[in-house]
């Protein structure tokens, strides 16, 4: 294509999930409710951790960080959709889109790294309970979270820098409610081979490393738990992992079906799957972890009474 005849895109048009005005009204109310519940639920988890000294343990430290990331994750995508709906607009500027991509990649990877750190925490607690306080000391917990932030930000920066090198011509219509990297790549009129290569190499490594840590951690957990002499002991050990396994299944199940294949195969139907880990997972995390945890329920009850 002759680059002299190309018109560079300065904005993208986000069509939302349905692309139909009558359905968008319903989706606006639904997403507004989901966003408010997500913010309140995750904020209560953070407050409970901060105010109750009984929760000052590695497991709840990581959970509080996960809640913080989920608040940020939801705030990257949903508010822009809500604002556009109120303004009767579908546009997002090129710069805003690239910024949204950067933070989307950062927080989605941060979720994965925190879930892997939490799996490791459960592994140490179940397989080496006598050495738990020695291994999972505060400095190590802070270091694990800090390293996760550094890796995810560098990874997001790499993807975004290569994304801004692409040329976008006439087609600027995105069949999504936010700037998902895959549909944006499909709109480019320049060669996206390098971008797809980075997705499968660097992106695959960043994705598979925490996922592998989770699988290995639970392999060791199950092998140790099955050696316990009583059924009650097995049930008690696994009860501490139930919430985490549920969240991991929701999060990674959706991602595996979308991002572990070329961007050219991305379809409109995939937008529904992205809702699971961008909207549903941050929403249900506080409920999954609080409803199945006696200490968290007690801390939240005290916090609500105090408020």
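Even glycines carry a Cβ here, placed using N, Cα and C.
Of the listed segments 7-25, 121-139, 140-158, TrEMBL assigns transmembrane segment to 140-158.
Within the listed segments 161-180, 241-260, TrEMBL records transmembrane segment for the stretch 241-260. Sequence-distant neighbours of the transmembrane segment (241-260) (same chain, 6+ residues past either end, Cβ-Cβ under 8 Å): 108, 111-112, 115, 118-119, 122, 126, 182, 199, 203-204, 207, 211, 214, 218, 221, 266, 270, 273-274, 276-277, 280-281, 284-285, 288-289, 292-293. Under 8 Å from some Cβ of the transmembrane segment (60-79) lie the Cβ atoms of residues 31, 34-35, 38-39, 42-43, 45-46, 49-50, 100, 103-104, 107-108, 110-111, 114-115, 117-118, 121, 141, 145, 177-178, 278-279, 281-283, 285-286, 289, 295-296, all in the same chain and six or more residues away from its ends.
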